[in-house]
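What follows is one structure encoded as structure tokens, with my remarks underneath.
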């Protein structure tokens, strides 16, 4: 069993205690040791870089709250493939963003805007990879997540290949999901926590219809799905019976909806069999992740603290530093 509450009360950030609201913190792993807290200030290369990023995110967020889940997904699609090297931002007919799993990715406009501002203030200094990590932190904080410390000093990748994108289907089993997260150096607690990102945002019906009409190729709906919720979802996502049929968007967490709030109601929905995605509902079918879901449903602060830890670990996956890669002048193309 995962002793989550005891664990969360003892977190530290590699010697740094920085959580402005509740003294929350994160654990510094081997990958994160390649990065530096307040890198641009420490090395006097762009002292106000993080302030510039935060200001642009705040302006954008006022007009479009969906930027928080969009940036979270963009960060996931970047870091979980070749590492946090901003390769997902590169354009091209065979780039990562052209992979089927990345259909509907958003947030590029804000990243571009931030990059333009930073190039005006500190030319050739702040990487797109750092911008993506910082902007995601600031956006999800506005949505209700903690303002966790983002260690910086990443550099940008030189390649982007859609054939390397191995992001899994949201209909995978618990064991398949756990195997995937473990391959990225993440734990069962990380998986249960990071899936909580689905507390906001939207997904296409094509990722849900198997649960509604053909669960595990049985030709029937999921037997565990709440019957009332199944009926509601079926109204929004009719069976896909013809080519070219529209593929509507549905909220991943109807309780959050258009507010796109970072909330622990996601876990309450798991416990009552009202998850939209199968991979989320699978958290109920393992002793550890069921316990974690129960605790997070009862304690928003425990969820927030765990999220700070887990998302920080994601931001340190296979980072490029020092002389590796480059600092792009335009996030969409190599120098």
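The backbone N, Cα and C atoms fix where each Cβ goes, glycine too.
TrEMBL has this to say about the protein:
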type	residues	note
BINDING	78, 81, 83, 85, 87, 96	Ca(2+) 1 binding site
BINDING	168	substrate binding site
BINDING	198	heme b binding site
BINDING	255	Ca(2+) 2 binding site
DISULFID	46-122	disulfide bond
DISULFID	79-84	disulfide bond
DISULFID	128-331	disulfide bond
DISULFID	205-237	disulfide bond
DOMAIN	34-335	domain 'Plant heme peroxidase family profile'
SIGNAL	1-18	signal peptide
SITE	73	site 'Transition state stabilizer'
In all the protein chains shown, the tally of other Cβ atoms within 10 Å of the Cβ of residue 81 (Ca(2+) 1 binding site) is 25
Long-range Cβ list for residue 85 (Ca(2+) 1 binding site), cut-off under 8 Å, min separation 6+ in sequence, same chain only, gives 78, 129, 154, 155, 156, 157, 318, 319, 320, 325
Per the 10 Å Cα distance test against residue 331 (disulfide bond), the recorded positions 73, 79, 87, 122, 198, 205 reduce to 87
Across 83, 168, listed as binding-site residues, the smallest other-CB tally within 10 A is for 168
Among the recorded positions listed as 46, 83, 87, 96, 198, 205, within 10 angstroms of residue 128 (disulfide bond) by C-alpha we get 87
Comparing the Cα of residue 122 (disulfide bond) with the Cα atoms of the binding-site residues 81, 83, 168, 198, 255, the shortest distance belongs to 83
Cβ atoms other than its own within 10 Å of the Cβ of residue 84 (disulfide bond), all chains, total 28
When the binding-site residues 78, 96, 255 are compared by other Cβ atoms within 10 Å, fewest goes to 255
By Cα geometry, the one of the binding-site residues (96, 168, 198, 255) nearest residue 84 (disulfide bond) is 96
